Amino acid sequence: SGLSCLLLFLFLFFVFCCSVWTQDVGAAGVFELQIRHFQNPHGHLQSGKCCDLRAGGGQRCSARDQCDTFFHACLKEYQARVIPTGACTFGSDSTGVLGGNSQSLRNRGNDGGGGGEDGTNGHIAIPFKFAWPKSFSLVLEALDYDNDTSEPGQLIERVLLSSMLNPGEQWQKFHHHGRVLTLEYRLRFRCDANYYGPFCNKFCRARDDFFGHFSCDPSGFKVCMEGWTGPECKEAVCRQGCHQAHGSCTVPGECKCHYGWTGPFCDQCETFPGCVYGSCTEPWQCVCDVNWGGLLCNKDLNYCGTHQPCKNGGTCTNTEPNEYQCECQEGFRGRNCDIGEQCDRSPCGRGATCQESGSRCSCPPGFSGKFCQSGPGPCDSAPCLHGGQCTVEQDGRTAACNCPTGRSGLLCEVRKTKMIEIIENKVTLDLCDPNPCQQGVQCHSAEGRYICACPDGFYGNECASLKSPCEIFYEVCFYMILVGVLALVMVCGCAACAFTFSHLHRKRRKQQSVPPEEGINNQREFVTLIRNVDRAVPLVPPAAPAAQPPAPAPAPRCYEEIELTLPPSPAPSHPSPALKPAHAPKLDISNREREKLNRFHYTDNQELEV
């Protein structure tokens, strides 16, 4: 059954693990001894006898039958005074027969088979199953292998050594000079593979599997591979930024979110299923945003502000979640104030369609205006060709084309050429066809030339040159000054005429208002003119009053006579009986006579006397 297969698999896996662990832990290291050189010059045993032939009476051992030398090592715990007998606590081993009485093994390999008759390189390896104690005692014996005896060997020399040895690859050399044998050898202790430390008891085996991902440094510490961490290098390093509490990974660079968390770094909680306008700080929450409510945060508490459903200036009011009410402006109706009441009266003309949304007219092509009242103009279709300018006639329905130079026709479609007429065998060239004048002015053809009537601001043969603003300004100033001078002359002339007319009118009225017999005014004027002249005899003697005494006689005066030329005075036509005899007729003298009178000075009394 399936359960039996599972139990069998677990049992086999356990046995495999135990075997591997036992194999790895059973040998912590190896003690190595290498024979470098030995020499037995006389071929004697430690007892003094020959190895193979018995010598007596002072005879030497035969050189033909030398010792069959091999070595045996016994490794035991440290002893201050080594006892050669007893058990080899840490182990023992032997070499094969290395040679005769003398042998040098320096040039042979360091490693080779040790023990038995086949070991020929002088190398002994003793596996060590415990933590290496560093200090040890060694009993090394040189023996003679004799096939004729049943004994394992006869002793040639025994070396007793107590020392300390650190694990490593370096050899430590030793020399022994015995009574019979001279020996050179070396020792070292190496940790087995996957064992490290000063006692070779630190196990570390590099691996990259389910049980770890690491290598080992020289001290036996585990060095995790890239992307792995932990004491056994079994924990993957997740993507940088992955939340330590809400995310995990099984392979490096991964970020797998825990239940209820999402996002590339597993730092975003998952909201409650169906949550619309909400958020969360912990998984499966639904905390509503502003202006949203309900279990799933799908109820709009501010529908007016979010959607602005009311059109055409309507006022929106939130009533309930997801509910609103529009108060429409005049002329609109409907839930959203999008239906115009003006469409009920069909205001759009020319076949236009009234749109209830905003009461606007959808005009057909070519018409415009709020009610599509404006139709297409005659120039909208741009009928003029080749750059002609389209103008609308006075009737508003007819288009006329102002053709450019070299074009004619109703639509400027005809290309003009100089027209030559042959009349009575004479060739006549019409220089005004086509019209060379610019600005659309009329051309007048003369004999051999043409004249263009240029409008204001243009000059030249073809009216193509525009006058500069300075020239126009000077002309305008000249005309303005001329008009001003003429106006001033007219004003002055009118004022002079008015003054002359007024003066004559006043003079005529004055002459008509004064009677001819009023001689006193004329006499006064005469006295004024001659106020500087003293006469010996006054014209009118004054009458003395009767009650007063006579006045004293005046002082004598000096008199100067002058001759005046006076014009004759006409006799009055209507003498008045009431005229006093003292009145004199009006005198009129010339300017020359006036000049004579002005040279004299009269007082006011003298003037009265006159």
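Even glycines carry a Cβ here, placed using N, Cα and C.
Under the heading signal peptide, TrEMBL lists 1-22.
Marked as domain 'DSL' by TrEMBL: 189-233. Within the chain carrying the domain 'DSL' (189-233), a Cβ under 8 angstroms from the stretch's Cβ atoms is held by residues 24-25, 27-32, 128, 131-134, 165-169, 251-253, all 6 or more beyond its ends.
Using a 10 Å radius centred on the Cβ of CYS191 (disulfide bond) and all shown protein chains, the other Cβ atoms total 24. Under DSSP, CYS191 (disulfide bond) is assigned to a strand (E or B) in the three-state scheme. Look at TrEMBL and you will find CYS191-CYS200 (among others) tagged as disulfide bond.
Marked as disulfide bond by TrEMBL: CYS204-CYS216 (among others). Annotation for CYS216 (disulfide bond): spatial neighbours ASN194, TYR196, CYS204, ARG205, ALA206, LYS222, VAL223, criterion Cβ-Cβ under 8 Å with sequence separation of six or more.
Counting every protein chain shown, the number of other Cβ atoms lying within 10 Å of the Cβ of CYS233 (disulfide bond) is 20. CYS233 (disulfide bond) falls within neither a helix nor a strand when secondary structure is assigned with DSSP, and so counts as coil. According to TrEMBL, the feature disulfide bond maps to CYS224-CYS233 (among others).
The domain 'EGF-like' annotation in TrEMBL covers 234-267 (among others).
For CYS257-CYS266 (among others), the entry in TrEMBL reads disulfide bond. The Cβ of CYS266 (disulfide bond) has 23 other Cβ atoms within 10 Å, all protein chains considered.
Sequence annotations record features per position, and here TrEMBL assigns domain 'EGF-like' to 300-338 (among others).
Feature annotation from TrEMBL assigns disulfide bond to CYS328-CYS337 (among others). CYS337 (disulfide bond): 23 other CB atoms within 10 A of its CB, across all protein chains.
Annotated domain 'EGF-like' per TrEMBL: 339-373 (among others), in sequence order.
According to TrEMBL, the feature disulfide bond maps to CYS363-CYS372 (among others). Mapped onto three states, the DSSP output places CYS363 (disulfide bond) in coil.
The annotation domain 'EGF-like' is assigned in TrEMBL to 375-413 (among others). Under 8 Å from some Cβ of the domain 'EGF-like' (375-413) lie the Cβ atoms of residues 350, 366-367, 434-436, 440, all in the same chain and six or more residues away from its ends.
Under DSSP, CYS401 (disulfide bond) is assigned to a strand (E or B) in the three-state scheme. All chains included, 21 other C-beta atoms sit within 10 angstroms of the C-beta of CYS401 (disulfide bond). Positions annotated as disulfide bond by TrEMBL: CYS384-CYS401 (among others).
Feature annotation from TrEMBL assigns disulfide bond to CYS403-CYS412 (among others). Counting only same-chain residues at least 6 apart in sequence, those with a Cβ under 8 Å from the Cβ of CYS412 (disulfide bond) are CYS384, LEU385, HIS386, GLY387, GLY388, CYS401, CYS403, PRO404.
Sequence annotations record features per position, and here TrEMBL assigns domain 'EGF-like' to 428-464 (among others). Here the domain 'EGF-like' (428-464) has, by DSSP, the following mix of helix, strand and coil residues: 0 helix, 13 strand, 24 coil.
What TrEMBL lists as disulfide bond is CYS454-CYS463 (among others). Within the same chain, residues at least 6 positions away in sequence whose Cβ sits under 8 Å from that of CYS463 (disulfide bond) are CYS437, GLN438, GLN439, VAL441, CYS452, CYS454, PRO455.
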Ask   = Expressed to the nearest Å, what is the distance separating CYS257 (disulfide bond) and CYS337 (disulfide bond) at their Cα atoms?
value = 51
Remark   = Cβ atoms other than its own within 10 Å of the Cβ of CYS328 (disulfide bond), all chains, total 20
Query = How many Å separate the Cα atoms of CYS191 (disulfide bond) and CYS337 (disulfide bond)?
reply = 95
Query = Which of these disulfide-bonded residues is closest to CYS363 (disulfide bond) if you go by CA atoms: CYS200, CYS224, CYS266, CYS328, CYS337?
reply = CYS337
Request  = Check the Cα-Cα distances from CYS224 (disulfide bond) to the disulfide-bonded residues CYS200, CYS266, CYS328, CYS337, CYS372 and tell me which is shortest.
outcome  = CYS200
Task = Within 10 Å of each Cβ, count the other Cβ atoms and name the one among the disulfide-bonded residues CYS204, CYS384 with the highest count.
result = CYS384
